[in-house]
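*Asks:* So TrEMBL lists the following for this protein:
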BINDING   C110, F111, S182, D207, D208, S209, H210, T238, F239, G240, K241, S271, N272  pyridoxal 5'-phosphate binding site
BINDING   H135, R365  substrate binding site
DOMAIN    41-384  domain 'Aminotransferase class I/classII large'
MOD_RES   K241  N6-(pyridoxal phosphate)lysine
Amino acid sequence: MNETVRQQLQAFLAEQEQRGLLKKERVLTSSQSRSIEVAGKKVLNFCANNYLGLSDNKEVIQAAKDAMDRWGYGLSSVRFICGTQALHKQLEKRISTFLRTDDTILFSSCFDANGALFEPLLGEGDAVISDELNHASIIDGIRLCKAERFRYKHSDMNDLKECLQQSRHCRRRLIATDGVFSMDGDVAKLAEICALAKDFDALVMVDDSHATGYLGPTGRGTVELCGVEGQVDLITTTFGKACGGASGGCISGNQLLIDLYRQRARPYLFSNTLAPAICGGTLKVLDILEQDNPYKDLTMRNAKRFRSLMEAAGFDLVKGETAIVPVMVYDENKAVAMADALLERGIYVIGFCYPVVPQGRARIRVQLSAVHTQQDIETAVDAFVSVAKEMKLL
Ligand SMILES: *Cc1c(COP(=O)(O)O)cnc(C)c1O
């Protein structure tokens, strides 16, 4: 590496460090669960996307092992060469049934699904209209297409309408939104979005990564929660959060669109098939979701319980109805210091600062899971209270 590049990179890292923004990866010495070991120390985990607690579910693990025994470790191929097993078709069918869509196409991740979604469908003369707080993978997916870009203020329906009016000249228009926004834990206004889409003859895509499996009356996500089933053209989601937490994702929706993606989606055509173990594990997750899904209600009960205890203790929370509970600290350094102090007390949470959230809006994001016990939640709240008092924040 030449000296100039070396110095530039060192300067970047030093600056991040100095601003307290250098991301540290804490090494777990256990599997993912309600209680985990961080560098040998047992702590309660309140920062995983393990909403249903399925990451270490015995049945899911067994199903993944069985799939590996039956279907092998890997395919050494993309889907259209020799990478499509009956197992993959079965999983696609099951997801379509669960999400009540025509068809589904698998990807290695939801990041890839979003990377695949825009470019085949939208080109010059088309428009994509995106919520300003959409996930990075939607933003990157949009960058890969040549459509005109419109960005509306977060969940601002007047601004969305304005964008739809401004894009009247375009051939195809697609509104893109997260179902649940990861930093505030709020739900997209899908009923209003779908009504506007209908009025303006636009398509709608919803990324339900933070919702599939636990939100909505039967866990089918925000599309079900908001009562807009059949009105959303494309749903993307991940198997890496509530649905087992390993990896993998999909686009599910209208038949013609999924057919298009099988022909044209680049991460599908040029990246390896989803591993059999993940397909097998995800099929078991779908069994659980489609039977009585006992976990979903526990997730929501735990989230409500944590919210009400924290509010009673005087904390400032972002209001919401999901298992993401942001505890506002505002000051960046204090948010990081508070999360560190909580970890010291055996509560694993993360402080989020700019640029992940707006400047001056630093927070600790707490994520609840079906596997937390009532005692876990009380322990966490007590730790928050004593740390906040120490820091003179309460
Ligand atoms: C987590 C997340 C993704 C990425 O999912 P992976 O399967 O981990 O790539 C995409 N979109 C949203 C909204 C997410 O929250």
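Each Cβ is built from the backbone N, Cα and C atoms, and glycine gets one as well.
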*Asks:* Same-chain residues six or more away whose CB lies under 8 A from the CB of H135 (substrate binding site)?
*Replies:* N114, D178, S182, D207, S209
*Asks:* Rounded to a whole number, what is the top Cα to Cα distance in Å among the residues the record ties to pyridoxal 5'-phosphate, namely C110, F111, S182, D207, D208, S209, H210, T238, F239, G240, K241, S271, N272?
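*Replies:* Across C110, F111, S182, D207, D208, S209, H210, T238, F239, G240, K241, S271, N272, the widest Cα separation comes out at 28 Å.
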*Asks:* So which one is it: of the binding-site residues H210, K241, R365, which has the fewest other Cβ atoms within 10 Å?
*Replies:* R365
*Asks:* Checking proximity to ligand 1 here: which binding-site residues out of D208, F239, N272, R365 have their Cβ closer than 6 Å to it?
*Replies:* none
*Asks:* Give me the CA-CA distance between K241 (pyridoxal 5'-phosphate binding site) and R365 (substrate binding site), in Å, as a whole number.
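*Replies:* Cα-Cα, rounded: 15 Å.
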*Asks:* I'd like to know which of the binding-site residues S182, N272 has the most other Cβ atoms within 10 Å of its Cβ.
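*Replies:* It comes out as S182.
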*Asks:* How many Å separate the Cα atoms of R365 (substrate binding site) and H210 (pyridoxal 5'-phosphate binding site)?
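*Replies:* So the alpha carbons of R365 (substrate binding site) and H210 (pyridoxal 5'-phosphate binding site) sit roughly 14 Å from each other.
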*Asks:* Give the three-state DSSP assignment (helix, strand or coil) for C110 (pyridoxal 5'-phosphate binding site).
*Replies:* helix
*Asks:* For D208 (pyridoxal 5'-phosphate binding site), list the number of other Cβ atoms lying within 10 Å of its Cβ atom.
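*Replies:* Around D208 (pyridoxal 5'-phosphate binding site), other Cβ atoms within 10 Å: 31.
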